[in-house]
Amino acid sequence: MLRPNGSVFMPSVLTLIGIPGLQSVQCWIGIPFCFMYLMAMIGNTLILVIIKYENSLHSPMYIFLAMLGATDIALSTCILPKMLGIFWFHLTEISFDVCLLQMWLIHSFQATESGVLLAMALDRYVAICNPLRHGSIFSQNLLTYIGIGVILRAVVLVAPCIVLIKYRLKFYRTTVVSHSYCEHMAIVKLATEDTRINKILGLFVAFTILGFDISFITLSYVQIFVTVFQLPHKEARLKAFNTCIAHICVFLQFYLLGFFSFFTHRFGSHIPPYVHILLSSLYLLVPPFLNPIVYGVKTKQIRDHVLKMIFSKRHPDH
């Protein structure tokens with residue numbers, strides 16, 4: 001339904017154009033994206049299976065790693081199938097309500113991943129700075145509460161952003177979204193009404209979750225490094241530091257990509273739109289793709305079980 005000035009009243013369908021300016025090569029861009037998605041699915045599923053069936057890996061560190069893997073599978077599945085449909089089959093239309101659902105799921109899983117990374121940092125902090133109390137602090141009950149709390153925090157904080165779009169913004173200048181998935185600011189910018197409340201709430205949620213998590217992750221690792229460098233033996237220092245390297249790599253790739261994408265989308269008006277969209281798409285695809293590789297390479301227990309699975313299949317007689 002159109003108003004006289006040409007704006008659209010509560011559209012039922014939106015059109016996702018993919019990557020603006022690169023539509024002619026989107027079919028080729030879809031190939032590495034599809035590869036990353038398949039590798040993410042295989043790698044994270046492998047880690048989940050190993051942790052589930054190997055009793056020696058039922059410790060807090062590996063349970064958090066399983067949570068991270070499950071979140072990565074869900075996050076990449078929310079975005080990739082539809083994105084490849086746009087790139088390869090020109091399936092650009094999406095129902096407005098389905099778009100809001102995708103937005104809610106994507107941002108909720110992002111917030112969940114950030115919460116799991118915080119839990120992993122706190123686990124390493126207690127394991128290295130207070131090892132004698134680690135078993136009593138990180139009990140099975142606490143792990144359950146952390147899992148539920150991280151999910152609830154994400155779902156509850158992200159939901160108002162979706163509700164505001166649904167019930168506050170009625171008129172849109174266009175139904176064409178210059179993006180490859182339903183992102184909060186990409187939809188808000190389409191509205192003809194005053195969107196300051198939506199933008200402020202979006203920033204509040206982002207800084208509440210990411211700001212809180214990054215602050216405590218940083219404090220945890222500062223304390224960890226202080227403790228590690230005070231250890232008397234070089235071997236003990238290297239062993240303690242080595243248990244943290246994989247976590248640090250995962251934290252850095254998630255938050256650096258996230259902040260780069262976040263700030264260029266809001267404040268990088270001079271940056272070409274396709275750069276925004278590529279960055280925000282890679283932000284959702286690269287961590288699920290790289291996390292299993294990082295943990296597979298840097299975590300000896302995971303690496304050993306992967307190799308055992310591979311060689312036991314090659315040599316069934318043994």
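Here the Cβ of each residue, glycine as well, is placed from N, Cα and C on the backbone.
Nobody curates TrEMBL annotations by hand; they come from automatic prediction.
Positions annotated as domain 'G-protein coupled receptors family 1 profile' by TrEMBL: 43-295.
Within the chain, the transmembrane segment (29-51) has long-range Cβ neighbours (under 8 A, six or more residues past its boundaries) at 19, 22, 57-58, 62-63, 65-66, 69-70, 72-73, 76-77, 80, 83-84, 87-88, 281, 285-286, 288-289, 291-293, 295-296, 302, 305-306, 309. Annotation source TrEMBL lists transmembrane segment at 29-51 (among others).
Residues or ranges marked as transmembrane segment by TrEMBL: 63-89 (among others).
What TrEMBL lists as transmembrane segment is 101-122 (among others). Same-chain residues lying 6+ beyond the ends of the transmembrane segment (101-122) with a Cβ under 8 Å from its Cβ atoms: 61, 64-65, 67-68, 71-72, 74-75, 78-79, 82, 94, 146, 149-151, 153-155, 157-159, 161-162, 181-184, 187, 205, 209-210, 212-213, 216-217, 220-221, 247, 250-251, 254, 258, 284, 287.
The transmembrane segment annotation in TrEMBL covers 142-165 (among others). Under 8 Å from some Cβ of the transmembrane segment (142-165) lie the Cβ atoms of residues 60, 63-64, 67, 100, 103-104, 107-112, 115-116, 119, 184, 187-188, 197-198, 201-202, 205, 208-209, all in the same chain and six or more residues away from its ends.
Tertiary proximity for the transmembrane segment (200-228) is limited to same-chain residues at least six positions away from its ends with a CB under 8 Å from its CB atoms, namely 107, 111, 114-115, 117-118, 121-122, 124-125, 128-129, 153-154, 157-158, 160-161, 164, 184-185, 188, 237, 240-241, 244, 248, 251, 255, 258-259, 262. For 200-228 (among others), the entry in TrEMBL reads transmembrane segment.
According to TrEMBL, the feature transmembrane segment maps to 240-262 (among others).
The annotation transmembrane segment is assigned in TrEMBL to 274-295 (among others). With a cut-off of 8 Å between Cβ atoms, the residues of this chain six or more beyond the transmembrane segment (274-295) that come close are 18-22, 33, 36-37, 39-40, 43-44, 46-47, 65, 68-69, 72-73, 75-76, 79-80, 83, 106, 110, 113, 178-181, 183, 246, 249-250, 253-254, 257-258, 260-261, 264-265, 268, 302.
Residues 68, 110, 113-114, 117, 120-121, 124, 127-128, 206, 210, 214, 217, 221, 224, 227-228, 231, 276, 279-280, 282-283, 286-287, 290-291, 294-295, 297-299 of the same chain, all 6+ positions outside the transmembrane segment (240-262), place their C-beta atoms under 8 angstroms from a C-beta of that stretch.
With a threshold of 8 Å between CB atoms, the same-chain residues lying at least 6 positions outside the transmembrane segment (63-89) that come near it are 16-18, 26-27, 29-30, 33-34, 37, 40-41, 44-45, 47-48, 51-52, 102, 105-106, 109-110, 112-113, 116-117, 119-120, 123, 143, 147, 150, 180-181, 250, 281, 284-285, 287-289, 291-292, 295, 299, 302.
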